[in-house]
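Q: Quick one: the structure is below, questions incoming.
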Amino acid sequence: MRFAVTKVCASGAKARAGLLQIGSSGVETPALLLSTRKGLPAFMSPDLLSSLPLPDSLLLNVCPTHFIEVPPSKTISNIGGLHRMLGLPDHILVAAAGESTECLPSSDATNKFGASFETPAGRKLVKPSDYMELISCLQPNLWASLADEVPAWVNEKRNKTSVERTLRWLDACIALDAASGRNSLGVVVGGSSIEQRKLCATEVSKRNVSGFWIGGFGLGESVEERCSLLNAVTDCLPLEKPRIVSRLGLPEEVLEGVASGIDLFDSTYIYQLTMGGFALIFPIDMVEREMQNGVFDSSAGDSAKINLRATTYRKDMSRIVDGCTCFTCQNHTRAYLNHLINVHEMLAQILLEIHNTHHYLRFFRSIREAIKAGEFDIFWKQFVENRRSQIAAAAIRE
């Protein structure tokens, strides 16, 4: 694995563009890790995955605990690993235990031996040795060590215990995987404690890891806490290695992360939108003041997305977003998607996930272009200001 920072914002800002190269595949950062179930996005087959923008869509986040017993990890190993089983040899698979809402660890059930997860085979206590056996069978390109993630409301003593366990498990995971030569990611935890976050980041930086997975976010912290914690962590990490953060999915959260120096983002935002029947519509270039498809109807969503379940779209023959080049927008209308959703056809989720993923990958591309042009601060400010003004206008119309 090779990672290089290609552009850093001026005036002391932390936002940066980079290039992550693994084998023959290279992806520019900041970038999105596509959330998966059993190695693929929830509603996409490999042929549909190939219709997404390249190389932006090459990054897949896989959760090893999804593969406990179903299918047996040894079966995947005998096939030749997850790349071969999925038929995706050129994709970059990044494995982390706390990938999705369904597989979040239970803080109360976790103990000194391992982290407790709800898995397809029921609740399991996953020890470092069990976890590394899964990693060995799946053969991902990058893997994040097992970590003790805790919610924001735990006390300082529990935060300290979380850091101690995570560092101990990191050492155990690295030792178990020493002979493989795989690229590892050290996990930074510490809950809402800036002191423990800094300690964990500093200690993880001393280990022989290829990058950093910043975990424990999206678990109850406030916006103000999140910004302070992110900046405290990135200040302690070396500049030459990639940083990944989990569960920051909203556009505003992504921009906050980029401003703090984050390179890769893992979240279930697209999946949650798709399951709810929502489609992303916000302009990719937020410098433009006009909304897509005319005046926004506040009764059917907000300024970032629309709820295609709403009856207002029953006879709407327009695309989700004018000018969008995704398969869904090129071939189907809002009215058709409204029909599919309301008659509970799975094709609705397939088409929505294609559009939402395509749209969000283009959003990340715009972020990279803004950084390269030295205009990220302007991009970020105008995005937030436009979102606030659109939400205020929608509230007035109601």
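Our numbering is plain: 1 for the first residue shown, then up by one each step along the chain.
Quick reminder: no glycine exception, Cβ is built from N, Cα and C everywhere.
Pulled these from TrEMBL:
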BINDING   C324, C326, C329, H355  Zn(2+) binding site
DOMAIN    14-388  domain 'tRNA-guanine(15) transglycosylase-like'
Q: I need the neighbours of the Zn(2+) site defined by C324, C326, C329, H355. Which other residues of that chain put their C-beta within 8 angstroms of the C-beta centroid, in sequence order?
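A: Apart from the listed residues, the neighbours are R319, I320, V321, T325, F327, T328, Q330, I354, H358, H359.
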Q: Average pLDDT across the domain 'tRNA-guanine(15) transglycosylase-like' (14-388)?
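A: Summarising the domain 'tRNA-guanine(15) transglycosylase-like' (14-388) by its mean pLDDT gives 90.
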Q: Let's check the environment of C329 (Zn(2+) binding site): how many other CB atoms sit within 10 Å of its CB?
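A: Counting Cβ neighbours of C329 (Zn(2+) binding site) within 10 Å gives 22.
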Q: Far apart in sequence but close in space: which same-chain residues, 6 or more away, have a Cβ under 8 Å from C324 (Zn(2+) binding site)?
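A: Correct list: Q330, H355, H358, H359.
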Q: I need the most crowded of these binding-site residues: C326, H355. Count other C-beta atoms within 10 angstroms of each C-beta and give me the top one.
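A: Max Cβ neighbours within 10 Å, all protein chains included: H355.
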